[in-house]
Amino acid sequence: MALQGKKLINDPNDVVTEFIEGLVETYPGLQYLDGFPQIKVVLRADVVRGAYDKVAVISGGGSGHEPTHAGFVGPGMLTAAVSGDVFTSPPVDSILAAIRAVTGPMGCLLIVKNYTGDRLNFGLAAEQAKSEGYKMEMVIVGDDCALPPPRGIAGRRGLAGTILVHKVAGAAADAGLSLAEVAAEAKHASEVVGTMGVALSVCTLPGQVTSDRLGPKQMELGLGIHGEPGVAVVELQPIDVVVEHVLKQILSQETQYLPITRGSNVVLLINGLGATPIMELMIAARKAVPELQLEYGIAVDRVYTGTLMTSLDMAGFSITIMRSDENILQRLDAPTKAPAWPVGSEGNRPPAKIPVPVPPSPSGKDDEILTEPQELSKQGCILEAAIEAGAKEIINIKDNLNEWDSKVGDGDCGTTMYRGATTILEDMKKRYPMNDAAGTINEIGSTVRRVMGGTSGILYDILCKAAYASLKQNTSIGANEWADALEASVAAVSKYGGASAGYRTMLDALIPACTVLKQSLKAGDDPVTAFIASSEAASAGAESTKQMQAKAGRSSYIAPDLVASVPDPGAVAAAAWYRAAAHAVKSKLHASDS
């Protein structure tokens, strides 16, 4: 069943004029003609009517493709942009108003996407302007590579490649070239650019119902920017497969849409169609660049990635390839103040990756400990047993932690802790100097920092680093030194994480454990008895988080009634490894005594 599309708008009939008002409020270098609602024209604020001493470059078309076209108005790009209603070509009078507002003695170039309505309206406006004495030229851009070569008069559709033509023409005009020269450069650019789009959803027009043309596991290849059906509907594929297909189609030697062969240089544009996260666009760019270089033998001179020509809220992207030469690169690199042009993409590209800095070399003693097989001391064996037991317990409760975290957080606590635990088990056999308690705790911190990530990773790293700093001050390490190290760890996590007792965090397990451990040892209890008692306090503390209102972490953003009766996963995890370690120490000592 089709549903009404949800939009952050007022009256659907006012979306274009209200967009223009907001755009001009945001960018002081832009103005609009006072002709709403019939005339919707954005123009440069620094251009004086009739006195502009360079070629005016005007483009436009139906709205719904923002930031195209108005977002590309500015010095070095478009002089004005004419907007029609959503997906509707602007009327002749609007185009004429733009021409009259910005065209001086150097004349005006119209850049038009290849759609019948745009060609007719811009063409008629150009003829009328000529009759009024204006020098006029028009370049039509048809860069669509998805469809077979057209047999009729419609031709290839104009897509995101038009933006690159805007930039080439705008820079040429800004350099002072004549109308004929600017038009020639724009025409050349339009002949060496190709685009193909892919969509995961169909766009929803303001005030209209959402189309259900595409199923949840389908995608559409080769559709236009007005939501019109594409070449084919196929099953959803990984982005790498999609990029390979799109590049193959654009560079097809059968259609020969582009004069690009092995050894050519190109500019690459990855364009979001409106509802595609920048993460996904960058993943597409990451695949497209080496694919062009390695599979096609094509040098990529520039890469532009962003949401530049949309189809309202369509989820999807398009890839544009333009054959580049020294002149085109010069035009693309020329400065512009057009607000939507991607910044920071000009110039030669340095290597994409560089080596990770190597940490300072360890001392000779540490290096010997880490590389030579260890014969563990009694304390080393006990420490090994405790670490192994704690890590295995985390592995065992991974799914429970994820389940609890899905109710009170982002659902990955178990996965994150599991990643740390499994790596600790791997690293302890080859990296941890078990006979050096302080050094081992420091290495555990390095492990979790490397693989856990997120808040949990950094908090456990802080915990380990604080314990390491406390332990390394001692020549011999016993129960009291371990208690002091735990106390230092709790203090450090509280200091940098901002939480304390009752905040519904891992500290609600570790603070009671630390308190009971210190008290038991001070009372003269056996260290193992004190460790076991403190582990029971940790478990009780974790259980008590069910009745706590979260004051830290992602749970603090969730309504209290939704977290009630669910323990804090971080506290449960801390109590679990602590308890497992305590019982492993007890078992190890009893085994050695018997």
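Backbone N, Cα and C atoms are what each Cβ position is placed from, and that goes for glycine too.
Remember, TrEMBL labels are computer predictions, not curated facts.
Predicted-model confidence for the domain 'DhaK' (11-341) is 94, expressed as mean pLDDT. The domain 'DhaK' annotation in TrEMBL covers 11-341.
Marked as substrate binding site by TrEMBL: Gly62, Ser63, Gly64, His65, Lys113, Asp118. Shown in sequence order, Gly61, Ile140, Val141, Gly142, Arg157, Gly158, Leu159, Thr162 are the residues of the chain, 6+ apart in sequence, with a C-beta less than 8 angstroms from the C-beta of Lys113 (substrate binding site).
Less than 8 angstroms from the CB of His226 (active site, tele-hemiaminal-histidine intermediate) sit Gly62, Gly64, Phe87, Ser311, each of them six or more residues away in the same chain. Positions annotated as active site, tele-hemiaminal-histidine intermediate by TrEMBL: His226.
Sequence annotations record features per position, and here TrEMBL assigns region 'Disordered' to 339-367.
Taken from TrEMBL, the feature compositional bias 'Pro residues' applies to 352-362.
What TrEMBL lists as domain 'DhaL' is 381-583.
Pairwise Cα distances among Gly62, Ser63, Gly64, His65, Lys113, Asp118, the recorded substrate-binding residues, top out at 15 Å. The candidate set comprises the binding-site residues Gly62, Gly64. Of these, Gly64 has the most other Cβ atoms within 10 Å. Apart from the site residues Gly62, Ser63, Gly64, His65, Lys113, Asp118, the chain places the Cβ of Gly60, Gly61, Thr68, His69, Ser83, Gly84, Phe87, Thr88, Ser89, Tyr115, Ile225, His226 no farther than 8 Å from the centroid of the site's Cβ atoms, the recorded substrate location.
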